[in-house]
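Undergrad: One structure is given below, represented as structure tokens, and several questions about it will come after.
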Amino acid sequence: MSTTFQLDTSTSRANPTPAPMKRLTIPAIRQRKKDGVTAQPVVMLTAYTARQAQLLDAHCDLLLVGDSLGQVIYGLPSSVPVTLDMMAAHGAAVVRGSYHAAVVVDMPFGSYEASPQQAFESASRLLKETGCAAVKLEGGEAMAETVAFLTNRGIPVMGHVGLTPQAVNVLGGYNARGRSEAEAAKIVGDARSLADAGAFAIVIEGVVEPIAIAITQAVACPTIGIGASAQCDGQVLVTEDMLGMFERVPRFVKIYEDLAGTISGAAARYADEVRARTFPGIEQTYQPK
């Protein structure tokens, strides 16, 4: 195949990337929230490839190389089987394809839970091999020691509370969290613990809205909602979800484009032309001079 990736700074429908800007830093993201208020919400989307990163970069503050790539890219049933090798490869691609957004790479299941030292070894590998700005890990109070261990050693960490997909087997499914008083209190406590440990931002996923608002008001770092509340300090979605690539998406997803229909339609037209021998035409073939 002849297609190659090349960073294109021209502005067009196919390459909507403007002239290069200075890459955002983690301190700049953290400073978005001052005195408990975020003047400009943080925009984050997932990215898994260099080309996808190029298209999203100018519009985002953060690009998340999520372990959701297990389902989205590899067709796995959950994010649990995702490996550190997979995250490193995709993380490096996203960093190569971006120049503005700070890139955050998920730490996959089994790469950080055993001990803070294991987490440091995994996180330092991701930073070295990808050039990313930070890592993200799931878990609440139990992970606070690990978050502090990493941040004290120069590795910025984004936390993740509420519905944590890596714990889907324990949670029993992808249901909204925080409906009971006890569960709500635990989620708020988890977020406080991560913030106190030095997390530069916290993803709040799949919780009832009052809990997301309470966390946002309680912690000094930015909160980034996904199925949480518009009152969070920022928002994140899986890019393929909001582009309509899947028939079934969580209820918190807004579909901005029917890209699945566009791709399927283009493939159908191509197939029709190949079978009718109308492609390639004169414009797509080389003729003698």
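From the backbone N, Cα and C atoms, a Cβ is placed for every residue, glycine too.
So Swiss-Prot says this about it:
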ACT_SITE  E205  active site, proton acceptor
BINDING   D67, S68, D106, K136  3-methyl-2-oxobutanoate binding site
BINDING   D67, D106, E138  Mg(2+) binding site
COMPBIAS  1-15  compositional bias 'Polar residues'
REGION    1-20  region 'Disordered'
Undergrad: List the residues of the same chain that sit at least 6 positions away from D106 (3-methyl-2-oxobutanoate binding site) in sequence and have their Cβ under 8 Å from its Cβ, in sequence order, or write 'none'.
TA: L64, V65, G66, D67, S68, S79, V82, M87, V135, K136, L137
Undergrad: List the Cα distance (Å, whole number) between E138 (Mg(2+) binding site) and the residue listed as 'active site, proton acceptor'.
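TA: Spelling it out, the Cα of E138 (Mg(2+) binding site) and the Cα of the residue listed as 'active site, proton acceptor' are 11 Å apart.
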Undergrad: Neighbours of the Mg(2+) site D67, D106, E138: Cβ within 8 Å of the Cβ centroid, same chain, sequence order.
TA: G66, S68, S79, V82, M107, P108, F109, K136, L137, H160, P165, Q166
Undergrad: Cβ distance under 8 Å to E205 (active site, proton acceptor), same chain, sequence separation 6 or more: which residues?
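TA: Expected: H160, V161, G162, L163, T164, P165, G225, I226, G227, A228.
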Undergrad: When you measure from the Cβ of S68 (3-methyl-2-oxobutanoate binding site), how many other Cβ atoms are you left with inside 10 Å?
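TA: Summing over all protein chains shown, S68 (3-methyl-2-oxobutanoate binding site) has 21 other Cβ atoms within 10 Å.
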Undergrad: By a 10 A CB contact count over all chains shown, which of the binding-site residues listed here is most packed: D67, E138?
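TA: The residue with the densest Cβ neighbourhood is D67.
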